[in-house]
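A quick write-up on the structure given underneath.
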Amino acid sequence: MKQRATILLGSAFVALAALAFAATRVVAADKVDPVADAKAFQNFFFQKFPDVKHEDFVNGPYSMNEDMKRQWQEKEEFPPYEFALDAGKEMFSTPFKNGKTYADCFPNGGIGIRQNYPYFDTKEGKVITLELALNRCREANGEAPYSYVKDEMASLTAYMAYTSRGKPMDIKIPDDPRALAAFENGKRYFYTRRGQMNFSCASCHVQSPGERIRAETLAPALGILNAMPIYRSEWSGMGTTSRRFVTCNSQTRAVPLEPQSDEYRDVEYFLSYVANGLPISGPGARP
Amino acid sequence: MASSIRVRATSNGDITEVQALIQHPMDTGLVKDSKGELIPAHFIQELKFECNGKDVFVANWGTAVSKDPYVKFSFKGAKKGDELKISWTDNKGGSDTTTAKIA
Amino acid sequence: MKRSLALAMLLALSLAPSARAADEADYKAAYAAAEAASKGAAGLRNQWTVTVSALAAAKKAADGGDFDRAVAAAKEAEALAQASIFQAKTEKEAWKAMEIR
Amino acid sequence: MTTTTGPHPTRRLILQGAASVALLGLGNLPFGAAPARAAANDKYPEEAFRQKSEADAIKVLYGKTAEPSDKVKLDAPEIAENGGVVPISVTTTLDKVTSISFFVAENPFALAASYKIPDGTIPAVANRLKMARTTKLVAIVEADGKLYSATKEVKVTVGGCGG
């Protein structure tokens, strides 16, 4: 037990040294400027992968590897998330016990609005994600909330994403210091190293997209949430954004936080905002 | 309950292309669940496609076919509007059947 | 680079094997220290999964009466917890270096 | 390790070499006179699905041996995105095809799927199979009573990144 942990930690540091080496940056003034951040973020990826079409970044690993893209396109003819999509459509129109449906909770009846989530609720002063809004809608109508990592939530968000397919991500940051703080907190979480592997989200998805970490081809961070929720062959099932965050944490050997805790809501806010303009491609299929 | 079989049959000229996706766990019987017990084998053994009273495609499947199995094939001799009957049986005696119009 | 070296040294230092056979008292002390450190890490919302499993291994070994292994596991858990606390503290500022500007 | 863009010539040759050698071995495997039954008959070929190696499975299912043929086009990924869902398809220009089957050599049971192709049905099938590990994939086409085969190696890697 002891040797294994030390060797693991040692090898993590070797990997860390290699990754950290490429990331020396000058620290600029600390005024939060989401517009500039988004521009810099997008340009970083457009320059690092000049021959990837901008809208292709939302296809994650498939924008990085031709052979895998071909396998994906073959599967997209009759995708494995077909059942979750149909289940979501059915659930979306099945009335709650009090006769209301999800359509009553959402603008435009919940159709074609996914690209505006997550949004910042100035009354509550916090980020509201689509998954949280769906559960709040259930509770407001006397129904038990769904688990954030299980199939029911994935089916609902799959259907809502499907109705927004192709629409550019359109996240707004109101002129409210708490919204800027939430954006900054999401950015901090994205770049903070955690777990015994000592990786941050950026260690994999900014420094080495297209590379392999063990068997997985890493997706670029730009547009990484545009395809949510995703059917992963790895899980042979659907995965919500919450499930993806939780599993990513445990894979770096960090104990995950509760789904929909502030850090997760803020990092989803940050990642969605910097992907503004890129099309929604959910629900997606992934390795 | 909606059918477990999703099928898309499109004809161009004399050839009808058929794609089917079936909701089924296709358990191999070699996988353990979270409590460490073996999940018993549960997989579709035979999948049959009939059109105009004739078998046009019969699949015999083992445990190596993926979960929510998919298959694509084409056949001649049918036209738009003909009815395709699809049915499957699994190793536990489960089964399902559905029909689809060729588009 | 400097930061990660310190982290590695900290971990190696505390894994020095103890000399005589451990008994229940040693285990209780080591476990308490490990648990405190682990609560500190959790407080910073930066707990490591390996800390939790090392703590569990320590308790399991102790329940089985193998206090040598229990103390070793508790010491390892404490070291891992300290490392995760060190990580959380240094990352408070260090993350800015990775930010895309 | 980053995947090389295209397989460099030497590796390609090794792959093909290995494939043909394997099939030769396949051809003259001396073992008990398996019941030479007709092509996959109507009953579910229980016995064939229980065979471990693809040589035995082919023998039990078809009762004869196959010879490699470039008229059988087997399409499978070089590196499977995920061993649980590997898109595989085969087409052939042979005629009077009555059966198509897929064998995954390294799986616990080699025979993965067997399709009956009544006349009037195009001899081509696409499906998604599971592969336990890097393996040789064999597609067998029965045309006019004779067996033809195509083989491809599919690399399957352990899933997951850290953990």
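From the backbone N, Cα and C atoms, a Cβ is placed for every residue, glycine too.
Automatic prediction, not curation, is the source of TrEMBL annotations.
Within the same chain, the residues at least 6 positions away from A:Cys137 (heme c 1 binding site) whose Cβ sits under 8 Å from its Cβ are A:Tyr102, A:Cys105, A:Phe106, listed in sequence order. Positions annotated as heme c 1 binding site by TrEMBL: A:Cys105, A:Cys137.
Taken from TrEMBL, the feature heme c 2 binding site applies to A:Cys201, A:Cys204, A:His205, A:Cys248. Secondary structure at A:Cys248 (heme c 2 binding site), as computed by DSSP, is helix. The Cβ of A:Cys248 (heme c 2 binding site) lies under 8 Å from the Cβ of A:Cys201, each on the same chain and at least six residues away in sequence.
Positions annotated as substrate binding site by TrEMBL: A:Arg244. A sphere of 10 angstroms centred on the C-beta of A:Arg244 (substrate binding site) encloses 20 other C-beta atoms.
Among the features that TrEMBL reports, signal peptide is placed at A:1-28.
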Lowest local Cβ density (other Cβ within 10 Å) among binding-site residues: A:Cys105, A:Cys201, A:Cys204
A:Cys105
Residues close to heme c 2 site centre defined by A:Cys201, A:Cys204, A:His205, A:Cys248, Cβ within 8 Å
A:Phe199, A:Ser200, A:Ala202, A:Ser203, A:Leu218, A:Ala221, A:Ile224
Please find, for A:Cys201, A:Cys204, A:His205, A:Cys248 as listed binding heme c 2, the greatest distance between any two Cα atoms, in Å.
11
Listed binding-site residues (A:Cys105, A:Cys137, A:Cys201, A:Arg244, A:Cys248) that sit near chain D [CB under 8 A]
none
